[in-house]
Amino acid sequence: MMEAEEQPWKTTFYSKLPKVELHAHLNGSISSNTIRKLIAKKPDLKIHDQMTMIDKGEKRTLEECLQMFQIIHLLTTTPEDVLMVTKDVIKEFADDGVKYLELRSTPRGEDATGMTKKTYVESILEGIKQSKEENVDIDVRYLISIDRRGGSSAAKEAVKLAEEFFLSAEDTVLGLDLSGDPSAGQAKDFLEPLLEAKKSGLKLALHLSEIPNQKTETQVLLNLFPDRIGHGTFLSSSEEGSPDLVDFVRQHQIPLELCLTSNVKSQTVPAYDQHHFGFWYSVAHPAVICTDDKGVFATRLSQEYQLVAETFHLTQSQVWDLSYESISYIFASDSTKADLRKKWSHLKPHF
């Protein structure tokens, strides 16, 4: 009985905790409320919201999760759709106590509606701008995603767009994300555009070691010295892990973006208590808790922090430190980091 009474208070701690979200795919972060608004605009598609979300206790294969994105893409085909989605997602993160957010999304053109990759990016930037003008209490930046399925030519196009907006979008576009189906393409296809991006001053967040048996692929990407690693699920696992890869990541102190619900629901990790957060936390390696796709996986960042705390027996003080330390891994400037640290200090409860 006591535990049930404590639960709302505990939940309040996690939702009030100021948080940084560094691994959030825009289209995967669309809530069921927003999905319903999009469905209402396109009734002929005969899509219902259960086709885009994995409920509590349910699981899908990674492949099935990726297929859900195809459905979501059918719903976001105009600049107006993208603008609405961006604003809704930003507001929902802010409502969950997220104070700094790096959204990521692959620029997408739609011949039928006339949306180009450039207007897609502009719609996201407009959503960020309007949210700021409406005083939503969150600092939002954008990473342009390279979808592995698009191959080298789409990657080069994404880098060009990122370079263009990096110079013109007032510090909003900060870097690139390499993501999409981890079995599509090869790392070497993306080396040239990613190196070009690095030379331009863009930051790199690379999904790697998401699936087993990718040691060579992982090493190729690590040789780029990415600024952050997405998932890194099999870097440290006893069956597939490689001590030299782990040593490389530790030696270069490359932060990991870790997404518990996503990994368990997509079955790349068998159970929460076997999540690789445990390994990296035990060696005091930089790691940041993230949602990945809060819409698809029906989660919130406060829920992810609660999961981590309860699974790995962290105190409130340790949870606070985990959140505070994540400020160090953002792609924005040192002055932004200093502002966020001030904000955290101001909001810090007495433990």
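Each position is counted from 1, following the chain as shown.
Cβ coordinates are placed from backbone N, Cα and C, and glycine is handled just like the others.
What Swiss-Prot records for H23, H25, H207, D292 is Zn(2+) binding site, and it gives similarity to another entry as the kind of evidence. Taken from Swiss-Prot, the feature N(6)-methyl-AMP binding site covers H25, N27, H73, S105, T106, P107, R108, D147, G180, E210, D292, D293. Taken from Swiss-Prot, the feature active site, proton donor covers E210. Annotation source Swiss-Prot lists site 'Important for catalytic activity' at H231, citing similarity to another entry.
Sequence features annotated in Swiss-Prot and their locations in the structure.
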residue	record	CB count, 10 Å
H23	Zn(2+) binding site	27
H25	Zn(2+) binding site	27
H73	N(6)-methyl-AMP binding site	13
T106	N(6)-methyl-AMP binding site	24
R108	N(6)-methyl-AMP binding site	18
G180	N(6)-methyl-AMP binding site	20
H207	Zn(2+) binding site	23
E210	active site, proton donor	20
H231	site 'Important for catalytic activity'	26
D292	Zn(2+) binding site	28
Q) Is H73 (N(6)-methyl-AMP binding site) helix, strand or coil when read with DSSP? A) helix
Q) Given the recorded positions H23, H73, H231, D292, which one's Cα is the least distant from that of E210 (active site, proton donor)? A) H231
Q: Looking only at C-alpha atoms, tell me how far T106 (N(6)-methyl-AMP binding site) is from H25 (Zn(2+) binding site), rounded to the nearest Å.
A: 9
(Q) Measuring Cα to Cα, how many Å separate H231 (site 'Important for catalytic activity') from H207 (Zn(2+) binding site)? (A) 6
Q: Whole-number Å only: compute the distance from the Cα of G180 (N(6)-methyl-AMP binding site) to the Cα of H25 (Zn(2+) binding site).
A: 10
Q. Can you tell me how far the Cα of H207 (Zn(2+) binding site) sits from the Cα of H73 (N(6)-methyl-AMP binding site), in Å?
A. 21
